[in-house]
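Residues or ranges marked as transmembrane segment by TrEMBL: 12-31, 43-62, 83-108, 120-142, 154-174, 180-203, 331-350, 370-394, 406-423, 429-450, 470-489, 495-518.
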Amino acid sequence: MGSEDVLKSASTLASYNVLLQVMFRVLTFLLNAFTLRFVSKELIGVVNVRLMLLYSTLVFLSREAFRRACLSGEGAGRNWRQVINLLWLTFPVGCVWGVLLVCVWWWLLQAPDPESIPHYVPAVGLFCLAALTELLAEPLWVLAHAHMFVRLKVIAESLAMIAKCLVTVVMVVSTPQWGLYIFSAAQCVYAGFLLLCYVLYFVRFLGSEEAEKKLFPVSHIKDLLPSRVDHEPLLNWKLTTLTWSFFKQSFLKQILTEGERYVMTFLNVLNFGDQGVYDIINNLGSMVARFLFLPIEESFYVFFAKVLERGRDVRHQKQEEVSMVAEVLECLLKLVLLIGLIITVFGYAYSHLALDIYGRELLSSGAGPALLRCYSCYVLLLAINGVTECFVFATMSKEEVDRYNLVMLGLSASFLLLSYWLTWMLGGVGFILANCCNMALRITHSIVYIHRYFLQSEYTPLWGLRPHSAVIIALGLSSILTICSESMLCCDGGWLLRLVHVAVGGVCLMGVVITVFLTETKLVQFVRTQLLPKYSKKRT
């Protein structure tokens, strides 16, 4: 697959991923709004913080390193038999992590009050079982992702999420007294549907004419199981050592990504009720970041890793591919920067109204609006960091990855200390401020790396971080107008004044978008030709 084909496939994958994540976040958004009417905020805190932390930790530590290594450019002309053998190690690794984490969650952490939140112990076991079920699909997921099976991921994760939502809604309405069993069952259904979709697809696909036409490296379903070929080692040791390097990095990245949940879980700086409120606002604030920025990061990591050879400087890469990568990186940086700035500007003035509509006084009173305003600023940093680290991780050599692990170690330690100190002083806002500090440091490291990488070439993709002055002026005026509108019209004067406040924001947003279209023509062309499915050739 040539570089242009890889770019088109990565762009299509990003577009479908964005649509998929939009659906996920909208469903989760509606599900949280619905369950708030039937269950307590303490129960939501236990599920969304304590139990989902167990799930995400087990899954992330068991598979992230394998994904990054097996999808990297090291695999050009790879032996897929050895790759599949390596990927099956995710399950035994997950079993080891599962035993350790379940013991911690059962015996070392403070359990919730069994009178108000019963069934905690079996819920921990069921969430662990769901995570292990999802890990069984990992070899199939990597094969599908490496060969750009876009529709498979969309259909599988869509069906799994819909099934999870249906189970949750039905059980919350019919048997709310089951408490944690409801969310445990829903998570098991999600993992089971995900595994079933991947298995059924590959049972149908392998051996078909379509597979032969694409020269798919696996021809029979039994080839998806671990096995050994004569005169070949069981594993590719170069790929295995790269996986180990990414594993050490993934451990630290997980602490940074879920740091506030670890602090809440292990240090008890917030009670379960406050944890529930914080998590709801955190999910609300990060909705756009997760359904837009994360799919772009995942998809273009594949593009950068396939087009550039890991560990080689820019002078020894194919120059036409370096030119393409530089242009794509510049446009991606400009795109996420502008989206982040828009969210920051409009999020500040509309946080109180959004929380009042979504969760009524439960969320709009107290520290809720301040939390969401801070998170609007944090989204800007999330946007930039996602793209810069996407490029850095795709091009670093194994030695550079190992050195960066030391940087991540320092960031992890400082983040945990800073988050504990700021939370003790400022409450939930302290978590967001600590995340902002760490994200700024990670962005600085990535920018320095990108600058040095392109230093001996004619390309300067970091110019993407400099928006047009007219866009800055439009954003500044919008910020002033919407803040004034909020102070005069929102949120105690009735729905008519609220609608006027929303209209002011709509006019300002339209002005910003028109300014972007008129001044950022290169970015607009990139979005039209690469990110929108109707302008991209669909490759599955």
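Just so it is clear, glycine is given a Cβ too, placed from its N, Cα and C backbone atoms.
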Review point. Taking 83-108, 154-174, 180-203, 429-450, 495-518 as candidates, which has the most Cβ pairs under 8 Å with the transmembrane segment (120-142)?
Key: 180-203
Review point. Taking the transmembrane segment (370-394) as reference, which of 83-108, 154-174, 429-450, 470-489 has the most Cβ pairs under 8 angstroms?
Key: 429-450
Point to revise | Dominant neighbour of the transmembrane segment (495-518) in 43-62, 180-203, 331-350, 470-489, by Cβ pairs under 8 Å | key: 470-489
Check your understanding: Going along the chain, which residues at least six beyond the ends of the transmembrane segment (331-350) come within the CB cut-off of under 8 Å?
Key -> 285, 288, 292-293, 296, 300, 372-373, 375-377, 379-384, 386-388, 461-462, 464-465, 467, 471, 475, 478-479, 482-483, 485-486, 501-502, 505, 508-509, 512, 516, 520, 522-523, 526-527, 530-531
Exercise for review: Give residue numbers and ranges for long-range contacts of the transmembrane segment (470-489): same chain, 6 or more residues beyond its ends, CB-CB under 8 A.
Suggested key: 338, 341-342, 345-346, 348-350, 352-353, 497-498, 500-501, 504-505, 508-509, 511-512, 515-516, 518-520
